[in-house]
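Chemist: Swiss-Prot feature annotations, pasted as is:
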- GLY45, ARG46, ASN47, GLY48, SER49, GLY50, LYS51, SER52: ATP binding site (BINDING)
- 6-246: domain 'ABC transporter' (DOMAIN)
Amino acid sequence: MKDIIVKANDVEYAYKKNSDETPKVLVLKELNTEICEGEFVAVIGRNGSGKSTFARLLNAILIPTRGVLYIGGKETYTEANLWEIRRTVGMVFQNPDNQIIATSVEEDVAFGPENIGIPSDEIVKRVEEALRSVGLEEYKKALPHHLSGGQKQRVAIAGILAMKPKCIVLDEATSMLDPSGRKEVLKVLRDLNEKENITIIHITHYMEEAILAKRILVMDEGKIVMDGNPRQIFSKVEEIKALGLDVPQVAELFHELKKDGYNVPDNILTVEEAVQCLAEMIAKA
C-alpha cells in the first residue's frame, strides 16, 4: 500500500479582512481528502472555489484555521515541521517570471540547494539531473529572460527538482502559457510522475489538462464536491456545468449525441477515442 503524502481532516481556512472587527472570509470548509505518493491529481473549480488556497496549504505557506493537515505525516501547524514540509512539497506558481531570480539557468536551479547548505559537488550533480529531467540540459548557460514561457516554467520545475521533493504542486502554472508551452510543461509533469514517482498536484482551469491526470478533485465553495478519475468526473456533464465549469469538447459532443438518442458511450474523452467510436458506428450503419 502506498504511503499517504497529503491528509486533510476537516480543514478550514479563513482570510482575515483589514480590521479585527470585520468578519473573516471562510474560503475552505470541512475539507477532507487523502492523496497517496505517486498520484497525479488535478484540482479544478471555478474562480473563488478555494483551489489556490488549498495549494498554499499544501506547502504550509498558509496554515489551516481549523482542522489538521498532514504532509508526509507531519502536521503543518507545528512550526518545527515547516522546514521538512517545504522540502517535501515544492510549489510552481502562475507567472514564471516571478520565480526566476538568477542570471543563468544553472544558477537559478542551484539557488535552492545552495541555500540549504548542500555541498558544491552535490549541487552540480543535482542541477544536471534536474535540467535533464525537464529537457533543458543545453540551456544551462542561457539567460532566463531569453527563454519562452514554457521553458521558464520548466526551469522553475527544475529548481524544485534540485531540492529533491516528493511532491510538486502547480498553482495554475500553465495559465499564462501558449498551447506549445503548456504541452512542454505537461509532458515534463507526466514524465516526472511516471518515471520518478513524484506526486503531482495540478491546479488548473483547463479541462483538457485535467483529463491527463489519474484523479480529479472538483472544488466548489471551499469544499471538495467530486472525486474520481477523469472518465468518472467528465461523464457527469450536467453536474460539471452546474458547477460553472466547462467539460472537454469531446465529452460534450458525445453527451449531446446521447441526448439525441444515439447509442454512444458516456466516457469518451479524447479525439482519438472519438474518431474510433464514430468510425465503428459508421461501419455498423
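Each Cβ is built from the backbone N, Cα and C atoms, and glycine gets one as well.
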Chemist: Determine the most Cβ-crowded residue among the binding-site residues ASN47, SER49, SER52, using a 10 Å radius around each Cβ and all protein chains in the structure.
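Modeler: Selected residue: SER49.
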Chemist: Helix, strand or coil for LYS51 (ATP binding site)? Use DSSP.
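Modeler: Its secondary structure by DSSP: helix.
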Chemist: With every protein chain in view, how many other Cβ atoms are within 10 Å of the Cβ of GLY45 (ATP binding site)?
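Modeler: Counting Cβ neighbours of GLY45 (ATP binding site) within 10 Å gives 26.
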Chemist: If you average pLDDT over the domain 'ABC transporter' (6-246), what do you get?
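Modeler: Across the domain 'ABC transporter' (6-246), the average pLDDT comes out at 92.
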Chemist: Tell me the Cβ neighbour count for LYS51 (ATP binding site), meaning other Cβ atoms within 10 Å of its Cβ, over all protein chains shown.
Modeler: 24
Chemist: What is the set of residues, excluding GLY45, ARG46, ASN47, GLY48, SER49, GLY50, LYS51, SER52, whose C-beta falls within 8 angstroms of the centroid of the C-beta atoms at the ATP site?
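Modeler: Going along the sequence, the neighbours appear as MET219, ASP220.
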